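First comes the structure, then the notes that go with it.
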């Protein structure tokens, strides 16, 4: 009886395990079936959208463009939907819709193409090859703020592909992006700066991308943003590029309200890359005409920030700051003390005070104290001048 009972328990256990296995298999099978069904449904939808765009009337094409955007917005980041839609031929019929007299058609096609281009290098290139840049230029010239903002976002996305940069530049897009810096929406301005920054990586045309007209809006945007932000890094990079290539650009910054001051503030408060660009911009000014720009830079209290850059900046920042400090001296001669010599003297003092092991750290603190003291003196000098000016006016 005991043996029989044990056998029955074993049989029940085996039967239970078999039931669980069967259930798991059924669940897996159901999941696989669901996945395949969804996959087939998506492929049928893509073919359906392609046919509507290729053979439908304008209303059908607008509807298809909206459905493409909706489909891609819901797709996972690594989804193949973008590539499959492109393979189905949706890009060529979307491009002519950009120049339609129907505003809805323009809006829907812009959003569809923008979503097709995001995170897909091949689609970016295919969209430009399909002739999208000239229609986008037309949209950038419109007075419709919403469409201009979307067109700017599209240019930003397309300009991220190295193969597209030359085509976008030679088509005449940069001047229109510069106009967006002054007249666009907030998002439009941010996208315009990023797009111009993308295009500036094309070395063959970098000198011709921007002109003096960009200086004032870039300085204004730099004044308003956080100096340590990624946006500030791009803006200061563009300003540096203009000042290093254009005399008109250098003249323009002196005409901007707080133009040089904004660069000085970026040297003091910016991220390492922003500081590097801002110091480079100031150096370009001083190298082009020391007599003209030296007093203007000194007037804005640049010395403390530059001294700090010789200690804490990037390699480029340190080198540029040292050269600029030499140019800002009354009579720059070889025998005159350079920032490098100053650092060596401070380091020697630190060795005597704390020994060689702690000398670097002590020297850094001493230089920082010097910078702090210099800033205090600069503020007192500015306040003193302000008090004198106030008394003379009264």
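Cβ atoms are placed via backbone N, Cα and C, with glycine included.
Note that the structure is a prediction, hence the values are computed from the model and not measured.
According to TrEMBL:
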type	residues	note
DOMAIN	192-333	domain 'U-box'
REPEAT	89-131	repeat 'ARM'
REPEAT	131-173	repeat 'ARM'
Tertiary contacts of the repeat 'ARM' (89-131), as residues 6+ beyond its ends and Cβ separation under 8 Å: 49-50, 53-54, 58, 61-62, 64-66, 68-69, 72-73, 77, 82-83, 138-139, 144, 146-147, 150-151, 153-154, 157-158, 160-161, 163-164, 167-168
Residues in the domain 'U-box' (192-333) grouped by DSSP into helix, strand and remaining coil: 112 helix, 0 strand, 30 coil
Within the repeat 'ARM' (131-173), residues counted as helix, strand or coil by DSSP: 33 helix, 0 strand, 10 coil
Stretch-averaged pLDDT - the domain 'U-box' (192-333): 92
